[in-house]
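Asks: Just dropping this structure here.
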Amino acid sequence: MHRRITGKLVIATHNPGKLAEMRELLAPYGIEAISAGELGLAEPDETGDSFQANARIKAEAAAKAAQLPAFADDSGLAVDALDGAPGIYSARWAGDAKDFAGAMARIERLLQERGATAPERRTAHFVSALCVAWPDGHIEEVEARADGTLVWPPRGTAGFGYDPVFLPEGHSRTFGEMTSIEKHGLPPLGLGLSHRAKAFVKLAEICLAG
């Protein structure tokens, strides 16, 4: 049986960009959100073999440490011409320095080496797996994706991570060129384009709506 989120919620991330997006999505529901970083919680090793497994690891670790419900996201970019890479290793490609400019350049170099210059050879998708875990072991999980193509050079300074090279399907601007309202579906535009917004809508239906 599904469980509703009430009271305080730990956002199990130390990523400032991801934290801002998750707080933005939670804001309309009046949830008091505190981050794992603010609580001084350690980051668990992400040893899962899927986005969902890693989201669960992060949420369960934070819930156990804080003795509060915890909300985690594991997300990444999967490039078709690179056999789904960087995938669950999207953050690791940027290294400890969070050098996403370097990671984007690495992807572009690999695409060029494979002759992937035409848009139809540059398809990719973002995946977001969300998990809410409670201290008693109950979990709720959802996953969603956003399809698109990769552009070069990067465009826009909004968002974070690989947003400046990701052109969502049916649009002429990258995620890096969109406002958070456009990307995440904040009022008044409704459901947004992003993988995280789509996954959050699924989660809200079972844990927050009503």
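A Cβ is built for glycine as well, from the same backbone N, Cα and C atoms used for every other residue.
This is the feature table in Swiss-Prot:
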BINDING   Thr13, His14, Asn15, Pro16, Gly17, Lys18, Ser75, Phe160, Gly161, Tyr162, Asp163, Lys183, His195, Arg196  substrate binding site
BINDING   Asp45, Asp74  Mg(2+) binding site
ACT_SITE  Asp74  active site, proton acceptor
Asks: Using DSSP and collapsing to three states, where does Gly17 (substrate binding site) fall: helix, strand or coil?
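Replies: DSSP call for Gly17 (substrate binding site): helix.
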Asks: Would you mind ranking the binding-site residues Asp45, Asp74, Asp163 by how many other Cβ atoms sit within 10 Å of each Cβ and giving me the lowest?
Replies: Asp45
Asks: Using DSSP and three states only, what is Gly161 (substrate binding site)?
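Replies: Gly161 (substrate binding site) sits in coil per DSSP, no helix or strand.
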Asks: Other Cβ atoms within 10 Å is the metric here; tell me which of the binding-site residues Thr13, Asn15, Ser75 scores highest.
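Replies: Max Cβ neighbours within 10 Å, all protein chains included: Ser75.
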Asks: Out of Thr13, Gly17, Ser75, His195, which of these binding-site residues is nearest Asp45 (Mg(2+) binding site) by C-alpha distance?
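Replies: Looking at Cα distances from Asp45 (Mg(2+) binding site), the smallest one goes to Thr13.
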Asks: What residues, ordered by sequence, lie under 8 A Cβ-to-Cβ from Gly161 (substrate binding site) and sit at least six positions away in the same chain?
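Replies: Correct list: Gly17, Leu77, Ser90, Ala94, Phe100.
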Asks: For Gly17 (substrate binding site), just count the other CB atoms lying within 10 A of its CB, please.
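Replies: There are 14 such Cβ atoms around Gly17 (substrate binding site).
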Asks: Check the DSSP secondary structure of Asp74 (Mg(2+) binding site), expressed as helix, strand or coil.
Replies: strand
Asks: How far is it from Thr13 (substrate binding site) to Asp74 (Mg(2+) binding site), counting Cα to Cα, in Å?
Replies: 9
Asks: Taking only same-chain residues 6+ apart in sequence, whose CB is under 8 Å from that of His195 (substrate binding site), what do you get?
Replies: Ser75, His125, Phe126, Val127, Ser128, Ala144, Arg145, Ala146
Asks: List nothing but the largest Cα to Cα distance in Å, as a whole number, among the residues Thr13, His14, Asn15, Pro16, Gly17, Lys18, Ser75, Phe160, Gly161, Tyr162, Asp163, Lys183, His195, Arg196 that the record says bind substrate.
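Replies: About 21 Å separates the two most distant Cα atoms.
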Asks: Tell me, by DSSP, whether His195 (substrate binding site) is helix, strand or coil?
Replies: helix
Asks: Would you mind reading off the Cα separation of Asp163 (substrate binding site) from Asp74 (Mg(2+) binding site), to the nearest angstrom?
Replies: 16
Asks: What's the CA-CA gap between Asn15 (substrate binding site) and Asp74 (Mg(2+) binding site) in angstrom, rounded?
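Replies: Approximately 11 Å lies between the Cα of Asn15 (substrate binding site) and that of Asp74 (Mg(2+) binding site).
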